[in-house]
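Report on the structure given below.
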């Protein structure tokens, strides 16, 4: 007789797409078997590890975590351990050979099959592996979306077809596949009806979105944004992550036509050196990247930009790195996600000679991050005295008499106000800037009929 599984614990590594996928894993298990999430592994009957293979250290973390969970399984033989995400897709059966305590291995495109895979593992008392790429099937089998707060991610596409020389995503998530236009709008409308005020359209290469409409025509991201903006209750729209070569003039024009599209853009550049960009197979030059930002800034002078940077790519010389620093100065980035190059097996870059010493890579990364932190602090200081629209999303961690929310450029703002403002927009005067947040004073708040109650 199979043990009834009641509780699940999930640990997530990596990008926002993985966070989105983890929320869907929890939803399918709850809908199919009534399995509910718990706060610690010790309480769980199912342990899930949603993995990332973008960097080597993230992959090493997977097997370290599985080693820690092995002792739990020895004490609770009925415990089911599952590994999902990009490491699962990349390694498949090898995960079970290296960690035989794992019962289920599933990829990003097969998470909707998780309940059946767990049942199969229980019946067979052996491992089950499903890392196939069934195209858009995943989205057709997911439960109805549920709002857990005033902001929500909506996945509009999967995979990537760019094949940058350093990246494993095309191999682990497959080629680009866009969700049908009406399906995306329906999910956004459902979330809006539940109190979601801000939608973040999500994809590995989101501005390559090409979704089929009901009449057979194809919609791009620019058109999708316009339609999402027309959904009642939606007050803000973001999208991530974009590729510069797909950033069309039509998408740039949405910053003029759609006020609900926030004045902040994350657009990964990776390097400020044309030579390194060519080695990365990024398909654009620095001047083209800057031209796109200039067009957007001409429409939205107050817009802020963030980016991704890879430091120490094979063959990077000091002048290449200096070109990156020059680009940072020219753009004045608000935030960065910056890392030392990590060799990924099977990618073209893994065969390139890497003569940059690790000490040099670390020193360059420290310089880059320090400069962008200075820029971020400068932008925060410049916001003092300004009035900002803040989407209130929770009580402040410091006081129950204060609430916390985010500005369009993702600054956390704490200010005195009642909890009934959660889920509403508030105009706040910024009174002080700190390292990780801003302080403000409430000027006015959006009027809504009733406070929103979110289900978590």
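For all residues, glycine too, the Cβ spot is worked out from N, Cα and C.
Computed from a predicted structure; not experimentally measured.
Look at Swiss-Prot and you will find 6-123 tagged as domain 'MTTase N-terminal'. Marked as [4Fe-4S] cluster 1 binding site by Swiss-Prot: 15, 52, 86. Summarising the annotation, Swiss-Prot assigns domain 'Radical SAM core' to 146-380 and lists sequence analysis as the type of evidence. Taken from Swiss-Prot, the feature [4Fe-4S] cluster 2 binding site covers 160, 164, 167. Residues or ranges marked as domain 'TRAM' by Swiss-Prot: 381-444.
Taken residue by residue, the domain 'MTTase N-terminal' (6-123) breaks down under DSSP into 70 helix, 22 strand, 26 coil. Annotated pair residue 52 ([4Fe-4S] cluster 1 binding site) and residue 164 ([4Fe-4S] cluster 2 binding site), C-alpha to C-alpha distance, rounded: 17 Å. Of all the Cβ atoms in the protein chains shown, 28 others lie within 10 Å of the Cβ of residue 86 ([4Fe-4S] cluster 1 binding site). Note: the [4Fe-4S] cluster 2 site is recorded as 160, 164, 167; in the same chain, 162, 163, 166, 168, 169, 170, 204 also have Cβ atoms within 8 Å of that site's Cβ centroid.
Cα-Cα distance from residue 86 ([4Fe-4S] cluster 1 binding site) to residue 164 ([4Fe-4S] cluster 2 binding site): 16 Å (rounded to the nearest whole number).
Model confidence over the domain 'Radical SAM core' (146-380) stands at 96, taken as the mean pLDDT rounded to a whole number. Sequence-distant neighbours of residue 15 ([4Fe-4S] cluster 1 binding site): residues of the same chain at least 6 apart with a C-beta under 8 Å from its C-beta are 52, 54, 241. Using a 10 Å Cβ-Cβ cutoff, residue 164 ([4Fe-4S] cluster 2 binding site) registers 21 neighbours. Taken residue by residue with DSSP, residue 160 ([4Fe-4S] cluster 2 binding site) is part of neither helix nor strand, so it is coil. Note on residue 160 ([4Fe-4S] cluster 2 binding site): other Cβ atoms within 10 Å of its Cβ, all shown chains, come to 23. Around residue 167 ([4Fe-4S] cluster 2 binding site), the same-chain residues six or more apart in sequence whose CB sits under 8 Å from its CB are 54, 160, 344, 347, listed in sequence order. Residue counts for the domain 'TRAM' (381-444) by DSSP state, with H, G and I taken as helix and E and B as strand, are 6 helix, 35 strand, 23 coil. All protein chains considered, the CB of residue 52 ([4Fe-4S] cluster 1 binding site) has 22 other CB atoms within 10 Å.
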